[in-house]
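Visitor: This is the structure, below, for whatever I ask next.
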């Protein structure tokens, strides 16, 4: 590494020390090195893929801004890990065409081979694969709907990767709704609407993410309507993703609701525990990590909301183990993760019914006074879940369970809360109950 690269790296680190907290700097930058600095391109090497991903998601723009401030002009930034993963992060733009680059947003890790299929995403996966193989035939548009971190973006980009592998010259455009809007604003400002329209309306496959953010943007909706029509009439494939159904997006034009719903709307739900474990196992395999089964079970049981949260927990655990030098055990990672139980909007009737079903008891058993161990245990779990996932007071929960005193409710909640931290079987039971309650509550 020449002296100019060393000097730039030194200056960059000194600036980052001033901008970041000490723990953040030491955790994410202290082990990084500069690998290359030439032809206005800076390549930074992270210690492992987890740090690489964190830098990409959280410090990309900061690095680019600081480097530009140091050298006086925009610089291309690349991140790499010691294992060889490379992600092109930041490329300076000088014209509208460069800002409208069609494929540089695709994450190389978002492909079909790395997507874990389970019962909650099987239809969406099958539809995405069909679209990738024969775009513009069936399911046009394909509308992927689901909560945050459930794999919509992964599937969209997998379509792009698959098509580009078969036909490298395909014009595959992946953009967020925000980027589409920003490109539109730039085109208006630069008086280059013709260039904007030529770009988007000549796509072979248009992948638009986070469509819910089109809400309230009348001019963006107008321009997107005509873009959609042009592509659809030409037999080109459009794939859309949103955290809600078309008709649930506020102030979305009726004509757009109609067009977005004319193909296939594929819903993606939170993964079940078996799928969550498979996701963790596959990620560990790709990252060359050896994870004990009990660690995988612990994370899968305690993180149930979405895949992003699940993988985030794995990253925190492995980063902590890497830094601390401790063995990978549940006991060592539990204090770092400290997973919260996700609160849900539900009713006491649903909780009572789910608990009774799980333990093969009747509602009368739960509300009665039997001290049989299995009934008492189920009753305590029911009280705990009702306390955690409803707004009922302690006396009101006691009434739901046949008029029990509020001190009995307190004892039950405390006992389950303490026991779950040492009992992995109880953790799994609670996770299964919450999944079932979630499912029934969504269908109320």
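Note: Cβ is positioned from N, Cα and C throughout, glycine not excepted.
Not my notes, these are from Swiss-Prot:
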- 1-73: region 'Domain I, interacts with DnaA modulators' (REGION)
- 73-104: region 'Domain II' (REGION)
- 105-321: region 'Domain III, AAA+ region' (REGION)
- 149, 151, 152, 153: ATP binding site (BINDING)
- 322-444: region 'Domain IV, binds dsDNA' (REGION)
Visitor: I'd like to know which of these binding-site residues, 149, 151, is least surrounded, judged by other CB atoms within 10 A.
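Guide: So among 149, 151, the binding-site residues given, the one with the fewest Cβ atoms within 10 Å is 149.
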Visitor: Calculate the per-residue pLDDT averaged over the region 'Domain I, interacts with DnaA modulators' (1-73) and state the result as an integer.
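Guide: For the region 'Domain I, interacts with DnaA modulators' (1-73), the model's average pLDDT rounds to 83.
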Visitor: Specify the count of other C-beta atoms within 10 Å of the C-beta of residue 153 (ATP binding site).
Guide: 19
Visitor: Go ahead and report the DSSP secondary structure tallies for the region 'Domain IV, binds dsDNA' (322-444): helix first, then strand, then coil.
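Guide: Summed by class, the stretch gives 84 helix, 0 strand, 39 coil.
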Visitor: Per DSSP, what is the residue tally for the region 'Domain I, interacts with DnaA modulators' (1-73) in helix, strand and coil?
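Guide: Counting residues by DSSP class gives 46 helix, 12 strand, 15 coil.
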Visitor: What kind of secondary structure is residue 152 (ATP binding site) part of, going by DSSP in three states?
Guide: helix
